[in-house]
Amino acid sequence: MKFSFLTVASFLIGQVALAALSAKKFASASDLQFTIDGKTGYFAGSNSYWIGFLTNNADVDLVFDHMKESGLKILRVWGFNDVNTVPGQGTVYYQVHANGKSTINTGADGLQRLDYVVHSAEKRGIKLIINFVNNWDDYGGMNAYVKAYGETDHNAFYSNKNIQNAYRRYVKAVVSRYTNSPAVFAWELANEPRCKGCDTEVLYEWIKSTSEYIKKLDKRHMVCIGDEGFGLDLLSDGSYPYTYVEGSNFTRNLAIPTIDFGTFHLYPDSWGTTHEWGNGWAQSHGAACKAAGKPCLFEEYGVTSNHCALETPWQKTSLNTTGVSGDLYWQYGDTLSTGQSPNDGNTIYYGTDEFKCIVKDHVAAIKAKQGWV
């Protein structure tokens, strides 16, 4: 078949335009800001560890409908649910570890529940941060691997080759399900990875090799660590969170080329600091991200009471700090078919006065600052 020059040129132009349109679907980081659906700037969101464990699709849809209505753009979810023994019928789990073997549950009470979360989010334009393992024992965590593979020390998770092979098999299984989904904001290595008492080289090498592995599987989506932001010299006051006690070096880890943006959390009540201290914590991480040329995401923050008075100053500081391009409060709450979603004291329920100050007023401030009103 013969093609004229104009026909070929038109085809090539069309392909370039299609590629550009496709690229717009996927969230990205550029300099110190995030871009979502063609908009570059600062974005608000929340956390919901439980949404992937719901068994009623209508409940999942309800959450994303309310998020969209409220202007929340990013939801961080647990992409893991590890067990050492198979639970009773009707209980969702994603992977079972026992006797040196890990088996991924791709059934209706397994990753198909996460499938629906991704599907529902995609329909409503909500972006997801999907996490692969927990530092803590909630929903199995690293210790579920450690126990099944004959280790006793939590930190063996990072060094035991059999554990890391199992972890990577799981990462590949999840990533391969959603490689083409624009609903994925980023893949996240772990929730709050720590290696207490370790040389920072241990976490650094694990983060580097794991993020490189994920990028080989999926070049379209961003990758982040999910750390708390520990181990930072810049603007340090010498308090516990700035130290390297937990084996993390924020600045060095952020510089890894296959890490697209920085993450940091804030829990003054757990860390032995004041609530006011949190403003400096956000500013120091913004400065570190600015120096690295990558955006920071204020990924978790919360208190168990007096939410509006204590958390809104952190939101204002974050919004006005160069280098920080979004924040996700911990955690989202809603009224589901079975009643209220889990409440750990930090939960902000949709439709309440607290939701207005933490979410609606904050989203309005973001839009006003960026001219998105």
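We count from 1, first residue shown onward.
Every residue gets a Cβ built from N, Cα and C, even glycine.
What Swiss-Prot records for the substrate site is Asn155, Asn191, Tyr267, Trp330, and among Trp50, Trp78 the residue it adds there is Trp78. In this structure, Asn320 is the one among the recorded positions Asn155, Asn191, Asn249, Asn320 with the smallest number of other Cβ atoms inside 10 Å of its Cβ. Close to Glu300 (active site, nucleophile), meaning Cα to Cα within 10 A, are the following recorded positions out of Trp78, Asn155, Asn249, Tyr267, Asn320, Trp330: Tyr267, Trp330. Note: the Cα of Asn249 (N-linked glycosylation site) and the Cα of Asn191 (substrate binding site) are spaced 16 Å from each other. Annotation for Trp78 (substrate binding site): same-chain Cβ neighbours under 8 Å, separated by at least 6 residues, are Tyr49, Trp50, Gly52, Phe53, Asn131, Asn134, Tyr139, Asn191. Secondary structure at Trp78 (substrate binding site), as computed by DSSP, is strand. Comparing the active-site residues Glu192, Glu300 by how many other C-beta atoms lie within 10 angstroms of each C-beta, the top residue is Glu300. Counting other C-beta atoms within 10 Å of each candidate's C-beta, the binding-site residues Tyr267, Trp330 are led by Trp330.
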